[in-house]
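Annotated features, as they stand in TrEMBL:
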- Gly383, Gln384, Thr385, Cys386, Ala387, Gly388, Lys389, Thr390: ATP binding site (BINDING)
- 293-631: domain 'Kinesin motor' (DOMAIN)
Amino acid sequence: MYSNKTFKVTSSSANKVGTTTRKIRKAQAPSSKMIDVEYNDYSSFAKVKLPEINENPTTGNRMKEVSCGVPITLEGRKAQHIYHTRTPSLKRKNDESLADELQRNIRSFGNAQKDDITKTSKRSTICCGSLKKLASVRTNQLDSFERVTKHLPPKTKFTSSEIEVMNLRNEILRAKIELYIKEQIDALNKTIQLQDDTPEVEYEVNQFMDDYEEIDDRSAYKNVHMAEIKDSLMNIRQYCEAMQTMNANLNSEELNKNNTPRSQKKIMNNHSKLNKKPVKEHPRRNFNEQKGNIKVFCRVRPPVLSECEDIADIRFPPYSYGKKISLASIKRNYWGVERETFKEYKFDKVFGASATQEEIFNNVTPIVQSVVDGSNGCIFAYGQTCAGKTYTMQGPQDPTIYNEGMIPRAVRQIFNHVNELKTQGWEYEIEGQFIEIYNDNIRDLLSEDPSNNRGLKFRTIHDEQTGTTMVNKAKTVNLDSVATLNWVLQMAAKNRAVASTKSNANSSRSHSIFMVRLMGTNTITGENRIGTLNLVDLAGSERLSKSGSQGDQLQEARYINSSLSHLKTVIQGIKEKSDHINFRNSTLTWLLKNSLRGNAKVLMFVHISPLESARAETESSLEFARLVNSV
Ligand SMILES: Nc1ncnc2c1ncn2[C@@H]1O[C@H](COP(=O)(O)OP(=O)(O)OP(=O)(O)O)[C@@H](O)[C@H]1O
């Protein structure tokens, strides 16, 4: 028998995540011999290890594994020395209590198992339910689709909107199915491609074979797989055909319905209602059309070497063009502290000092083009003396093909366009007059004897029917070649009145106007077109105080300023769409009447000097241009 001595109890338990912990405790045992009891909480069985048991030499050292609930006996003896290991203070229990304990354990274990089974079965019932629901929804969908497509009652009357909705639904469904089929075909194609004996496929097949050694015929596997793919393709083709017949049926039914006289009438009514709907004009398009008539561009002249110490702080686009230009000025506050402020001006386009003559001209070509097509156009060069107006319009004194001005470029473009139109039966007559307005009087710049100008009274004549203007008694040149054009430009440059002022030794004190008239007739259609292009180089806009003019020059400056101010008023009136615009106030505005109003396209080029000493004039020019632009 075991005596009451210390013995060792080993217990192991596992937590929720399955980590097992082993505990070894020492306790008083009734035996002087050590026994090992291993008790597993989780599986409810106990291992009882008997160390050397001298009392029973027949059993020796042994381990006996017993299930819970079974009374533990060790070699015929009842296991009365088994201790419950879950209680920290180990109590000796008799066989009955141990049996109870084990039974309780197995009951709780059984209950836990039962719970688990119930939960799983509940979950599977829910899954089954939702699967059933899904299946029924799918069946319903298919049913309704078939009802709509195949079994439409023949005498049902549909409104056109219902048919439209059905059509749309059908379209969507068709698209979805097509997409699905496409995806399927793509996937299949990929699989078929993979069937080729690429190394990857070989590898995959081998892997498969290794895994399933029982399939010894590899080619058989491949064949089976291919047969499956072929079957799927057949199915898809059949599906496609079925869809096509369904659509055809649906379309024919729709046609039948729409062919009845009543439905035809309804459809016609719907169409006429749609056509009667007022078409709303896009506000932006409207704005562009209104704004398209008068535009303002700004160009900054580059400084020459001698002007390098007098450069104003003007910010303009560094390359080509932008829309903004800002002028810096130093402002001093009450305490005498200076601060630099910028005044910003926004125009349709701003060309920096690096802009080339070609770039400038490319931006005015639409106007030139429209003149050939029978509209009127007018381009002004405005700005103070020495700001680059003549350079823009005519080019430098000895121009090359690269720096020639707008006038020669425009006339050449007209020549080119007219030549192109010859193939369509158009024949054009192009004539030009080059005049200047000096002290509000017209002078002919193409006269070979300028002294004759003094005795002649030039008059502006407007033809209201054709919308053209001409100056009587001024020389009219038939612009039929580049050579004539060159002669015109040279003659005008020679005759242009130049007076010396304090600002610019070669300053032109008159407005020069190159008037090009185009008369086109189409020999095939008999159509006529008349267009006029006026290219105006305005006199310098500097203020009287600045120019330091006296006597004749003061008189010149007064006429210049007054005509520019009238021009401003007229442009304002045009932009504001005034009922009465007084063009007669100055010779300049009267001459340009037809080129400013109506559908005429007007472009004002405001020229800016880069010099600090010209800051006040620059500001005044920019303000004038802003006014023209903003009205
Ligand atoms: N963009 C430019 N590039 C190079 N040089 C230029 C440019 N603009 C003007 N110039 C030069 O600046 C000088 C003055 O230009 P221009 O005679 O055209 O000024 P303007 O405004 O017509 O003067 P005015 O009102 O007195 O006739 C000329 O020598 C001209 O060649």
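Placement of Cβ uses the backbone N, Cα and C atoms for every residue, glycine included.
Here the features listed in TrEMBL are placed on the structure.
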| residue | record | Cβ contacts under 8 Å, 6 or more apart |
| --- | --- | --- |
| Gly383 | ATP binding site | Lys389, Leu538, Gly540, Ser541, Phe605, Val606, His607, Ile608, Ser609, Ser621 |
| Ala387 | ATP binding site | Arg301, Gly540, His607, Ile608, Ser609, Ala614, Ser621 |
| Gly388 | ATP binding site | Arg299, Arg301, His607, Ser609 |
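Across the binding-site residues listed here (Gln384, Thr385, Thr390), the residue whose Cβ sits among the most other Cβ atoms within 10 Å is Gln384. With respect to ligand 1, the binding-site residues Gln384, Ala387, Lys389 contribute Ala387, Lys389 as residues with a C-beta closer than 6 angstroms to one of its atoms, given in sequence order. Following the DSSP three-state reduction, the secondary structure of Gly383 (ATP binding site) is strand. Mean pLDDT for the domain 'Kinesin motor' (293-631) in the predicted structure: 84. Neighbour counts of Cβ atoms within 10 Å were compared for the binding-site residues Cys386, Lys389, and the top value is held by Lys389. Lys389 (ATP binding site) carries a helical DSSP state (H, G or I).
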